[in-house]
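Participant: First, the structure itself, so that you have it in front of you.
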Amino acid sequence: MGMIISMAMTAVTIWTKTKPGRVSCFIRKNSTMVNAPIGIIGGSGLYQMEALKNVEEVTLDTPFGAPSDSFIVGELAGVRVAFLARHGRGHHLLPSEIPFRANIHGMKQLGVKYLISASAVGSLQAEAKPLDMVVPDQFIDRTRQRISTFFGEGIVAHIGFGNPICPQLAQCLSTAIAGLELEGVTLHDRGTYVSMEGPAFSTIAESNLYRSWGGTVIGMTNLPEAKLAREAEIAYATLALVTDYDCWHPDHDHVTVEMVIGNLQKNAVNAQQVILETVKQLAANPFESIAHRALQYAVLTPPDKFPAATYEKLSLLLGKYYPPAP
């Protein structure tokens with residue numbers, strides 16, 4: 001990462017307020033014009049890629065505070081992409097401390113339409129072995145201490161979340177994995193991701209409970225991330241990298257940090273290849289996702305009842321349907 005940072009150009013986005021009549025809104029000033037249609041959230045190892053060119057570091061502020069870190073923006077296969085270290089460089093944020101709203105808002109600022117979440121997970125099923133890759137299609141939310149919406153404070157919205165993963169983006173990931181024929185890696189192209197609070201790993205009783213619910217993998221980060229991405233009208237899919245069998249399997253050791261890191265390092269190059277191939281697919285065949293219009297009918301509060309301060313915070317999300325009054 002040191003070499004990338006030394007080569008990076010710094011771009012700072014400053015948010016200032018203007019009042020176009022009915023409400024205030026945020027505008028960006030004095031910033032490098034960055035538009036990256038594809039975003040990747042994961043570990044810092046993901047953007048240490050030889051294929052990543054024209055790299056710059058973009059520091060953003062948001063109405064929801066600072067993101068986990070600066071965004072690393074560059075070109076993969078000629079396409080602008082934005083990477084973000086979910087836990088910050090140096091992995092200094094607990095899962096419960098991740099500024100999920102700021103991270104997703106930052107991706108929205110950068111013009112991201114497709115967001116890939118690369119995540120370490122434990123397996124809850126024997127067939128999903130360590131080093132395998134899972135592309136889930138469902139979530140179970142077991143988090144307790146996290147704000148899971150941009151809305152509130154006078155503006156009410158209810159997004160549809162029955163199918164929480166964008167099926168087209170998930171298919172791109174699955175096709176990329178299958179086409180690479182990675183040695184020792186089996187693709188599981190559907191499954192249920194159980195998102196727990198952490199930071200402690202599961203008890204045996206909890207692990208077996210999640211298995212009885214049909215859980216495929218377990219992790220600590222994809223919720224509320226996926227919900228917020230849907231509210232921001234960003235297509236979202238998960239590349240789940242299996243590192244362990246949690247603690248339920250009688251023939252395997254219980255999960256440890258050492259085990260997780262060891263298997264993640266083994267899978268880092270594979271994950272980079274999958275991301276590169278997925279970016280190529282998206283560049284060749286961009287698509288409109290149901291996520292891209294998730295807010296169209298989701299807001300219940302009449303626009304003339306929007307509190308000015310709340311609209312100001314949400315203008316990047318709401319402006320498409322509720323532009324500021326002239």
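Cβ from N, Cα, C; glycine included.
Not measured: the values here are computed from a predicted model.
According to Swiss-Prot:
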type: BINDING; residues: Ser44, Arg86, His87, Ser119, Ala120, Thr221; note: phosphate binding site
type: BINDING; residues: Met220, Asp244, Tyr245, Asp246; note: substrate binding site
type: SITE; residues: Ser202; note: site 'Important for substrate specificity'
type: SITE; residues: Val257; note: site 'Important for substrate specificity'
Participant: I need the most crowded of these binding-site residues: Asp244, Asp246. Count other C-beta atoms within 10 angstroms of each C-beta and give me the top one.
Facilitator: Asp246
Participant: Out of Met220, Asp244, Asp246, the binding-site residues in the record, which is closest to Ser119 (phosphate binding site) when you go by Cα distance?
Facilitator: Met220
Participant: Met220 (substrate binding site): which of the recorded positions His87, Ala120, Val257 have a C-alpha within 10 angstroms of it?
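Facilitator: Within 10 Å Cα-Cα: Ala120.
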Participant: Which residues in the same chain, at least 6 apart in sequence, have a Cβ under 8 Å from the Cβ of Arg86 (phosphate binding site)?
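Facilitator: Ile41, Gly42, Gly43, Ser68, Leu93, Ile98, Asn103, Thr221 - these are the non-local Cβ neighbours of Arg86 (phosphate binding site), listed in sequence order.
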Participant: Using the residues the record lists for substrate (Met220, Asp244, Tyr245, Asp246), what whole-number Å value is the largest Cα to Cα distance?
Facilitator: 15
Participant: Using a 10 Å cut-off on CB atoms, tell me which of the recorded positions Ala120, Met220, Val257 is the least crowded.
Facilitator: Val257
Participant: Compared by Cα position, which of the binding-site residues His87, Ala120, Tyr245, Asp246 is the closest one to Ser202 (site 'Important for substrate specificity')?
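Facilitator: The answer is Asp246.
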Participant: In whole Å, how far is Asp244 (substrate binding site) from Val257 (site 'Important for substrate specificity') when you measure between their Cα atoms?
Facilitator: 10
